[in-house]
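*Asks:* Sharing a structure here in structure tokens format.
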Amino acid sequence: MKFYLVLAFLTLCAVAVTALPAGDETRIDLETLEEDLRLVDGAQVTGELKRDKRVTCNIGEWVCVAHCNSKSKKSGYCSRGVCYCTN
């Protein structure tokens, strides 16, 4: 029992030592990341953004039924890729 306690303590110490900051290298990476993020502008985003209401119908109708059952509904059906729950 004492062996496992010492082993757990040594593992904890090893994890703590390896989790220490690396130094200036990480700060430089963060500075370049901030510069890259400043370069991105909302106007630069091209294309139309599309949000799927439910991905469950793309997988299968039984997933839609399971989703509706988990919401305490009687059943559910898919229409044009959207899951509708019925009472």
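Note that the numbers count up from 1, one per residue, in the order the chain is shown.
Cβ coordinates are placed from backbone N, Cα and C, and glycine is handled just like the others.
Sharing the features that Swiss-Prot gives for it:
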type	residues	note
SIGNAL	1-19	signal peptide
DISULFID	C57-C78	disulfide bond
DISULFID	C64-C83	disulfide bond
DISULFID	C68-C85	disulfide bond
*Asks:* Should any of the disulfide-bonded residues C57, C78, C83 have a Cα within 10 Å of the Cα of C68 (disulfide bond), which are they?
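*Replies:* Those near C68 (disulfide bond) - Cα within 10 Å - are C83, in sequence order.
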*Asks:* Provide the number of Cβ atoms within 10 Å of the Cβ of C78 (disulfide bond), excluding the reference atom itself.
*Replies:* 17
*Asks:* Which ones are near C57 (disulfide bond): of the disulfide-bonded residues C64, C83, C85, which have a Cα within 10 Å?
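*Replies:* Those near C57 (disulfide bond) - Cα within 10 Å - are C64, C83, in sequence order.
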*Asks:* Among C64, C68, C83, C85, the disulfide-bonded residues in question, whose Cβ has the most other Cβ atoms within 10 Å in this structure?
*Replies:* C64
*Asks:* For the C-alpha pair, I'd like the distance in angstrom between C78 (disulfide bond) and C85 (disulfide bond), rounded off.
*Replies:* 9
*Asks:* To the nearest whole angstrom, what is the C-alpha distance linking C85 (disulfide bond) and C64 (disulfide bond)?
*Replies:* 8
